[in-house]
Structure formats: structure tokens, C-alpha cells
Amino acid sequence: MKNAATKPINPCDIRAVANFYAAQLQLCCPHSPTSYPHARRVHAHMTTSGFKPRGHILNRLIDVYCKSSHLVFAQQLFDKIPQPDIVARTTMLTAYSASRKPDMALEIFNTTPLRIRDTVFYNAMITTHCHNDDGHAAIELFRGMRREGFPPDNFTFTSVLSASALVADRETQCQQLHCAVVKSGTGLVTSVVNALISVYVKCASSPLVSSSSLMGAARKLFDEMPVRDELTWTTIITGYVRNGDLDTACRVFEGMEEKLVVAWNAMISGYVHHGFVSEALEMFRRMNLSGIKLDEFTYTSVLSACASAGLFLFGKQVHAYILRMEDKLLWDFSLSVNNALITLYWKCGKVDEARMIFNNMPVRDLVSWNAILSMYMSAGRINEARSFFIEMPERNLLTWTVIISGMAQNGLGEEGLKLFNQMKLEGLKPCDYAFAGAISSCAVLAALEHGRQLHAQLVRLGFDSSLSAGNALITMYARCGVVEAAHCLFLTMPFMDSVSWNAMIAALGQHGHGAQALELFEQMLEAEILPDRITFLTILSACSHAGLVNQGRSYFDAMYGLYGIRPDEDHYARLIDLLCRAGKFSEAEDAIQRLPFEPGVPIWEALLGGCRIHGNVDLGVQSAERLLELRPQHDGTYILLSNMYADVGRWDDMAKVRKLMRDRGVKKEPGCSWVEVENKVHVFLVDDTAHPEVQAVYNYLEELGMKMRELGYVPDTKYALHDVGSDQKQHGLSTHSEKLAVVFGLLKLPRGATVRVFKNLRICGDCHNAFKFMSKVVERDIVVRDGKRFHHFRNGECSCGNYW
């Protein structure tokens, strides 16, 4: 504005002054960094000179301020205009739309008189609704526009079709829109036809339509187009990819004369999304050999493929190629690629390397921070996850969901629930995934009442149809001992995936309903849900707990024979457990001999557990020796071996095992049991004296013991693992933690209520027998979950059928 300050201007010549300022404002290019400062200087000079701008000059100033992202100044100018014209109103509306402020844009639209509106103004508001993902509002406004007599143009149809793509889910809707385009005479306009193809493509993903017929209609439009642009090719290729027709997508791609970068990326991304990693990498190789400039979308898709397939070395080569070829990285390129690299490294187990990439990133966003948090949680590095969570400069709903779910998955249910409550206190409304994490925390803690409260909140908030929350609820109810509620929930879920079926099969198996678990598995196959590795783990466990040896063998053989799933060590361990529980040790030993790998901890644990049940001391000692070599600091092996010796009265050998345990500094995990009463968890240890009401528990236990003896109960002193007298053994049995917890529940819970007790270790054989008699004496259901499974005691019987 130096010229404006020195050039003489006649104040009386308003036209000359106005033309001068208009010429100055014409110098403000919309995207130039100097536009805003220059406009401010012009505006300031107007103010100091006393010139009052009107009409096109005001509109030009408002336009520059809007396009320079200074909406406050634009709004101030706009508010001072007594009667803004349609140009000013359209400019402000468009600016609010671009700034994601649809409510303010709608206010300007609604306060604009009908007599001054035009087609461009309607187009701007339709686009606003489209940007706000409100397709229904955009379509309704389009209908209103036509009712008021405003003729739609090419831009109108492009915008309203883009909005329709958000909501169209029926073939008739697509056909109606197609007819409207043809009648309008815009059927040969490339942008309009592109938008119409997009409607067909997106509607083809709806479960309410036949994707093949809609993709056929889209293809017909594509084939008849006189002119196709980059968007045309990308839209049709992406449509085939999205609907799983990769072969046709590939044929269209190969038919392109000039294969655009976007089309290459669409194909690579499609292969990655559908799990065709080798095809994605081959497409990447071809793209590179063709001399096509690779961009951030190419790299992120390829790195994602490497991460999902565990191809760390190939991914590392891509990383090296990026460092060598991309000298000057734009911030958005660097950000997206580095985020993909973090995911690659941590999913391939390179946690520290992933953190190094994060530390060296010139720019980070919330995706970067959440990726590192997810990495620490998945790796079980909880302390680092906690510290990182505290460091985060900002958090979103995903952040909270990751840490809540991570705590639950790592057995820290109480901390997961505390974080869930903290999230709500900070003003964030939990989504269904956050609820799923909190519900999983309840499953870890066996906090049934708290889980029920969360279920009620889910229903109230409308998340009860959520798949993730529904799956978490199945597991929660099952792990809290209410398998009936889990089954009822499963039967009423609107959608189910393999996780839902696996969770329910596992629940039935854990609760001793082996036959029902197998029946549900067959229903899963009838529903055309393919079993996965987890499915076979659950079904083998169900067979093991129910003694269904023949069925278990058959399912194990079907894993690879029918479904091409190679059994891993956990599957073999389930098979060994199945055979050993049934006392088929020769078969178990043969299976171990035929293993395609060296047997590890899970295999020997399964064998030792079976030997403990059937008293096979010699084989048990062999398996224990192997376990002590592989995992010398684990207390469970010493305890099982010690108990086996105690069962057969080899007290000297038992003492040697205990001494070895002390010499190696291995501490036994103390057995404890707990029961929830009035939203409070009461914990009991063996021979407990700390609980404030423990004396009342002992008194009632003695009273129950007398009635149980009248029905034939005799304490099984072989489970008193000390070389002492019979009376002392019986007293020791009466103070087991699970007995104290059950009796406390009988005392405190309402008459007729089921008593649900949870124990960290395997239930004692005498306690198991005692609870059968106890359930008959008190005429109440007693449910006990130990470290392996559930036992439902009712009227003198247990759901396990004494097979445990």
C-alpha cells in the first residue's frame, strides 16, 4: 500500500477511489501467503481515509478473509452490512462449510430471503450437507430447490449425487436418481456421470441389494461415457474392489491406456484389504518397474500388507528404499508413511525400533501416539504404556478405548474400569468399543453386577446391537458364571461373526456343556461361518472338559484335512489334555512322539495335569522334569509334582520337591477365593482369620458340616497335603478358601440366590465333593470357577459329572 499512501486521490471522486481499492484487492490471489496481509493493509487504509466500501469491494474483502481462514474478520464485515447480497451470503456459507461449521452455514441459508436466492446459493448449501455426511438433508434441500423453481445445473447434480451415495441402499433409489439426471440433460457431463457411478458403486455394498446388478449398471454407464477422467477410472476400479470382485477390477485396470497413480494405488489397496498380500506386492513391483512415481498412498498400502503378513524383511527393504529415494519429504507424506512404519515394526515384534521411528518423526499426529500406545499394550509392556499415556499431548476416544481394552486383556480389570470412569469424568462419551473394554474388565474381575450395570447403560444409549459390545457381554456373563444369560444374549444378537460363535462355544465348554458346544459348532458350520484357529481351540477344550474323546480326535483331524489350518502347539496341547484326562496315556505319548516340533511348556503341562488326575506318578515325574528344565521358576510344576507324591504317601519325595522349590527361591502363589456381595468383593485365603466376619463363617460351616455328614459326606483326607493326623487333616480341609467364600455367600446373599465363587487355582477334590452335598442341604445353586473351568452344583450333582 505504499502507492496508496503517496498517490494523490481526490476525495470527491468516489468512483475513482472505489476503482483504486478494487484494483488493489484484485492483487490478492486466494492461495497466496501475501493475500491476507495485503488485504488487511487495504482495509486499514480505507478506514483511516474515511472511505466506506460497498458492494463488490466488501464482497471481495469478505472473500479474501474467508479464503485466508480468517473467518472472524469476514463475519465482522458481513454483520455490518445492512442487507448483504447473495454473493456475500454465498461466500460466508461456503466458508463455514469448508470450516466444518454446518450450523452457522445453515443459519445464513435460513435467514436469506427466497427472492434473492439463486442456484449457486443452493449448490453451496447442498455441498455443506454433503461435507457433513448428511445425505438425507442434502436430498431434501434439492427437492425444496426444485419445488421453489430454481433450475439445477451440473454442480447441483454432482453435489446431490455425492450426497445420495452416502445414504442410497436400494436399487430403486439409484434408478430414480439416474432418471433425474437423464431428464435434466446432464447425462453426458463427466462430473455428473462420475457421481452417478459412485452412487451405484456405494449402494452395491448394501446388504439389501444385488451387488452384481448395480455394478452392472455402473459398468454400463462407464462404457457409454464419451469422456473419462482420472476419477472415472478410479471410481469403477474401487467399486469392483470394494465389492470383492478383484478379477474384474484387474481387467478394467489392465484396459487403461495410461495407468494413473490413483488406479495403481486402488488396486494395491484392494488386494491388501482382501488379504491378497502376494498380489499386492506384485502390483507394487510392476508399478515401480513401470517408472510410476510412488506416493504416500502406495507406500502405506505396501507397508500395511507387510505388517499384516509379518513380512518384516520386505517391509524393511521398502523402508530403506523410501530413505534412499525420497530426499525431501513433505510433512503429510512423512507423517502417513512413518505411521505405517510404526505399525509394521511393532506388529513384527520390533517394539524398540518402532519407538525410535516415533522419536525421530518431524511431525506427529494422534494416529502416531495411538499406534505407540497400542504397541505397548499388545506387547504387554504395561508400565511403558501407562507412562506414554500420561505423556500424550491429546487423547481421543480411540486412545481411551485402547488403554481400557489393553488393561483388560492384560488381566488388569480394576485399572481398566478406573480408566473407563476417568474417561467419562473428562467429558468423553464412551462408544461401543470403549464399553466393550470396560465389560471385558468386568469379565476379568468376575464383577457380575458391575457388568450388568454396563449392559443396562449400553441398552439405554442404543449400543445394544453393537457386535463388539455383544461379544464382550457373552464372555463377561460366561466368565461370571451366568452361562444362561450369555446364551440368551447370543441368540438375540442381530449380527454375529466368528468371534461371537467362538465366545459362545468356549462358554458352553467351560461350563461343562460339551454336547451343546459341539451342537453349536455344527450350527456355525451350517451358517457358513468358517472356523478359525480359535474355534478349534474352543471346541477341543469343550471335548476335553466333557470327556468327548472320539469327537475331539475327529475335530483335530478335520483342522487341516478339511479346513487347511495347521495345528500349532496350543492345539496339540488341547489334544494331549483330552487324551490324558481320559487316561489314554499311551495315545498321548504317541502324539507327543509324532509332534512336528519339539514339545514345549503347554504340551508337558497337559501331560502332567493328566498324570495328576489319574495318579500316573512315573510319567508325571518325567513330564515335571521337562517342565522344570524349560521353566524352572514356575510354581505350578513344583506344586503338582509335590501333590502327586502326597497322593501316594511318598512324603520324603514331596519334601524334596518342596526343598528344591525353596532353594531356587520359587514362591507358591497363595490360593484365594472371592465372592461378590452387594457390589463388594470379599476375598478369603486358606485358614483365613483376617475377614471381619470369618468367625460367623466358621460357625455356619460347622453347622452345615453336621448336616452334610448325615447325608453321607466324608472328608477326603488325601487332599490334605501334609503328613499329619486325621483330625488335623480334616480341620485343614475345612479351612480351604473356596469353602469359606461359598459359606459366606450362603450367609449374606438373599435366600434362593445363586452363590458364585471364583478361585485363582484349581478347586480341591474334597471341596468339590463337599459342595455337592452342600447344594443339597441348603437347596441352592452354587457355582465355582477355578483356574480351569466352571462347576455348577445343584441338588447334590455337579455339571462336570465328576469329569474334571
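The backbone N, Cα and C atoms fix where each Cβ goes, and this holds for glycine too.
Taken from TrEMBL as is:
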DOMAIN    712-804  domain 'DYW'
REPEAT    118-152  repeat 'PPR'
REPEAT    229-259  repeat 'PPR'
REPEAT    260-294  repeat 'PPR'
REPEAT    365-395  repeat 'PPR'
REPEAT    396-430  repeat 'PPR'
REPEAT    497-531  repeat 'PPR'
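With a cut-off of 8 Å between Cβ atoms, the residues of this chain six or more beyond the repeat 'PPR' (229-259) that come close are 190, 193-194, 197-198, 200-202, 204-205, 211, 215, 218-219, 222, 266-267, 269-271, 273-274, 276, 279, 290, 292.
Here the repeat 'PPR' (260-294) has Cβ contacts under 8 Å with residues 230, 233-234, 237-238, 241-242, 244, 246, 249-250, 253, 301-302, 304-306, 308-309, 311, 314, 325 of the same chain, all six or more residues outside its ends.
Summed and averaged per residue, pLDDT over the repeat 'PPR' (396-430) gives 95. Applying DSSP to the repeat 'PPR' (497-531) sorts its residues as follows: 26 helix, 0 strand, 9 coil.
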